[in-house]
Amino acid sequence: MPIRVLDELPAVNFLREENVFVMTTSRATGQEIRPLKVIILNLMPKKIETENQFLRLLSNSPLQVDIQLLRIDARESRNTPAEHLNNFYCNFEDICDQNFDGLIVTGAPLGLVEFNDVAYWPQIRQVLEWAKDHVTSTLFVCWAVQAALNILYGIPKQTRTDKLSGVYEHHILHPYALLTRGFDDTFLAPHSRYADFPAALIRDYTDLEILAETEGGDAYLFASKDKRIAFVTGHPEYDAHTLAGEYFRDVEAGLNPDIPYNYFPKNDPQNKPRATWRSHGNLLFTNWLNYYVYQITPYDLRHMNPTLD
């Protein structure tokens with residue numbers, strides 16, 4: 001789907017350089033197609049980088065996707081210019097009376113922070129409650145998975161002793177599930193988290209179906225049977241260099257991090273890493289858009305919630 005974004009968004013030129021199909025609003029208005037409305041709650045500090053990563057994955061099928069960017073943290077950002085946030089992001093109050101086909105909630109570097117200590121925890125709870133009536137399907141990524149499991153299922157925060165960082169092998173459990181359609185039997189995906197997601201915990205305390213696991217027994221991809229919510233505990237959206245950037249940042253901060261697993265060639269941080277998960281990430285997001293959003297969302301979004309005009 002060509003993604004539809006504001007003409008001035010920096011990601012337009014960035015993605016066009018990669019030959020990614022981006023449709024500006026001015027061009028999209030000439031097509032008589034209802035675009036899918038997808039809103040991204042971007043919780044990552046480097047918002048422009050995260051926009052580029054997710055928009056790349058949402059751009060690869062034949063229908064339009066109308067992207068809205070959402071922020072819920074009113075504090076001044078140290079990593080993203082205020083002008084960018086003011087020009088391209090909306091606040092929850094701007095969209096709370098609207099319906100959307102899809103919602104993506106990104107990860108956040110909050111693995112060691114207790115939920116109630118997160119500055120915008122009440123706002124996250126508000127958005128998740130709102131999504132039940134206003135969004136066809138929601139996809140949670142990494143830390144957002146942990147937050148959603150707590151809010152929606154009451155599962156306490158599970159934290160690893162050491163950070164899981166690297167590119168890990170996974171295997172699918174349901175090869176004919178729609179979300180894993182076309183996946184290889186085993187595939188690679190990056191992880192960068194303190195959050196812990198034991199598959200047994202998901203099975204014992206939720207009605208969610210686990211679709212793929214890590215070789216270590218962590219749940220990687222799981223979803224509700226009605227397709228309204230889906231969870232991915234890794235970072236399939238990451239660029240080839242993202243884990244390297246995190247590693248060198250932590251080295252400079254004196255944190256003595258482990259070298260990301262299965263990432264740098266010959267396990268040498270001086271070697272340029274390669275993205276070995278790109279096809280998996282594209283297929284995952286295409287499947288979510290097609291089977292969890294497009295195939296079940298109403299043509300008229302007003303029908304999602306009859307109380308709306």
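Every residue, even glycine, has its Cβ placed from backbone N, Cα and C.
Substrate is bound by Lys163, Arg249 in Swiss-Prot, and the record lists one more residue there from Ser137, Ser192, Ser279, which is Ser192. You'll find the Cα of Glu237 (active site) roughly 12 Å from the Cα of Ser192 (substrate binding site). Between the listed recorded positions, namely Lys163, His235, Arg249, the fewest other CB atoms within 10 angstroms of a CB are found at Arg249.
For His235 (active site, proton acceptor), the nearest neighbour among the binding-site residues Lys163, Ser192, Arg249, judged by Cα separation, is Ser192. Annotation for Ser192 (substrate binding site): spatial neighbours Gly107, Cys142, Lys163, Leu164, Ser165, His235, Tyr238, Thr242, Leu243, Glu246, Pro260, criterion Cβ-Cβ under 8 Å with sequence separation of six or more.
Of all Cα pairs drawn from Lys163, Ser192, Arg249, which the record names as binding substrate, the longest spans 14 Å.
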